[in-house]
Amino acid sequence: MKILIVGSGGREHALAWKAAQSPQVEQVFVAPGNGGTASEPGVENVAIAADDIAGLVEFARRESIGLTIVGPEAPLVLGLVDAFAEAGLPCFGPRQASAQLEGSKAFAKDFLHRHGIPTAAYGVFTELEPALAYLRQVGAPVVVKADGLAAGKGVILADDLATAEAAVHDMLGGGRFGRAGARVVIEEFLTGEEASFIAMVDGRHILPLASSQDHKARDDGDRGPNTGGMGAYSPAPIVTPEIHDRIMREVMEPTVAGLAAEGLPYLGFLYAGLMIGADGTPKVLEFNCRLGDPETQPLLMRLQSDLVELCLAALDGRLDQVTADWDARPALGVVMAAGGYPDDYETGHVISGLDAVPSSEAKVFQAGTRCEGDAILTNGGRVLCVTALGANVAEAQHLAYQAVDRIQWTDAFCRRDIGHRAIARERS
């Protein structure tokens with residue numbers, strides 16, 4: 001079977017790497033891919049953009065692709081899965097109408113409210129003055145979110161009213177994030193510990209994947225601006241068996257049932273970004289209609305089951321008949337980024353040391369990279385995700401940073417404390 005992975009990030013490198021391990025697979029194509037997928041055994045890049053829906057359909061038809069897995073959110077929101085379905089091509093991901101769950105934060109919040117699924121109190125605004133009046137009413141700290149897709153950067157955690165008002169002015173008055181910021185969600189600032197809960201859904205049945213925890217803030221100690229994610233680990237100790245059951249019962253099951261009841265049956269990866277309160281109550285911060293990045297990298301390091309078989313089972317509506325098996329060892333991934341990220345940064349720097357990382361120590365998933373001759377060059381903000389397994393989170397962290405320290409390019413940086421919460425739990 002031939003497989004097509006859509007996207008160009010570290011998540012897509014991990015998906016291609018895992019799909020190529022399936023005994024059912026003869027060839028994996030990645031459109032457009034990156035420097036890492038270009039050199040992955042059994043994997044080939046295809047020069048088609050992730051949002052070129054007609055081009056992807058034509059390629060999949062021509063190559064008789066047996067399964068397409070969509071990595072990023074933008075093609076889903078543009079209707080890629082709908083186009084593949086019309087062409088009779090198997091594609092794992094939600095249709096455009098269901099992908100509104102990620103494509104519009106206002107849609108997601110209203111959906112949660114309709115179905116009684118726990119989330120933060122909120123207001124939705126398209127006009128500046130009512131938004132500012134609401135801010136003055138609720139006070140700070142508060143969270144300001146662009147309604148549409150903003151590459152993980154459209155969320156402002158405001159500790160004071162001035163920061164919140166500036167964010168609202170930027171979005172509704174200044175055009176920051178363009179159409180994505182033409183409507184804003186202002187919501188209650190929740191406290192607790194974050195966790196990422198990702199499942200596969202076939203329309204009715206839910207197959208939960210292992211838990212994970214992302215690190216959104218750019219700097220150590222969870223400081224600095226929000227990013228697409230600076231590292232992740234799996235499993236997340238905060239998600240105990242009891243909390244896992246609560247998440248399934250209070251969040252995932254009513255979400256899937258609610259979508260079906262509204263005529264939006266959901267098929268694909270469904271990611272709930274959660275805040276776990278001190279009493280164990282899970283509240284939804286956001287939904288993503290795809291795997292998280294960088295959570296995918298440690299998750300797929302741990303997944304022992306055949307990813308392709310799981311996707312095919314979902315397309316057949318039989319996720320209730322399969323299981324996902326996991327390596328008991330934790331995995332941890334550290335994102336190496338370009339200096340200046342998530343703001344302005346340079347590309348085109350040569351990366352050295354990739355060959356110095358032994359495969360027994362870590363796996364380097366490439367994201368913002370490209371090939372030029374024999375060299376790998378930086379080509380984005382988040383450049384690599386260096387991922388390792390360990391007997392515990394502390395060992396996985398040690399091995400990941402040992403590998404990170406072998407890799408260099410001009411102005412590379414990373415957080416040095418990925419996994420700190422889990423390690424504190426291990427030591428307590």
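We number each residue from 1, going along the chain as drawn.
Cβ from N, Cα, C; glycine included.
Listed features, source Swiss-Prot:
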BINDING   135-196  ATP binding site
BINDING   Glu286, Asn288  Mg(2+) binding site
COMPBIAS  213-223  compositional bias 'Basic and acidic residues'
DOMAIN    109-316  domain 'ATP-grasp'
REGION    211-235  region 'Disordered'
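Here the features listed in Swiss-Prot are placed on the structure.
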{"residue": "Leu135", "record": "ATP binding site", "contacts (Cβ under 8 Å, 6+ apart)": "Val142, Leu161, Ala164, Glu165, Val168, Ile186"}
{"residue": "Val143", "record": "ATP binding site", "contacts (Cβ under 8 Å, 6+ apart)": "Ala120, Val155, Ile156, Leu157, Ala158, Ile186, Glu187, Glu188, Phe189"}
{"residue": "Ala151", "record": "ATP binding site", "contacts (Cβ under 8 Å, 6+ apart)": "Gly228"}
{"residue": "Asp159", "record": "ATP binding site", "contacts (Cβ under 8 Å, 6+ apart)": "Ala140, Pro141"}
{"residue": "Ala167", "record": "ATP binding site", "contacts (Cβ under 8 Å, 6+ apart)": "Val144, Ile156, Ala158"}
{"residue": "Gly175", "record": "ATP binding site", "contacts (Cβ under 8 Å, 6+ apart)": "Gly181"}
{"residue": "Arg183", "record": "ATP binding site", "contacts (Cβ under 8 Å, 6+ apart)": "Ser104, Ala106, Val124, Phe125, Thr126, Ala146, Asp147, Gly148"}
{"residue": "Thr191", "record": "ATP binding site", "contacts (Cβ under 8 Å, 6+ apart)": "Met275, Gly277, Ala278"}
{"residue": "Glu286", "record": "Mg(2+) binding site", "contacts (Cβ under 8 Å, 6+ apart)": "Glu102, Lys105, Ala108, Val155, Ala272, Gly273"}
{"residue": "Asn288", "record": "Mg(2+) binding site", "contacts (Cβ under 8 Å, 6+ apart)": "Glu73, Glu102, Leu270, Tyr271, Gly273"}
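A helical conformation is recorded for Ala167 (ATP binding site) in the three-state DSSP classification. Annotation note: Asn288 (Mg(2+) binding site) sits in a strand segment as assigned by DSSP.
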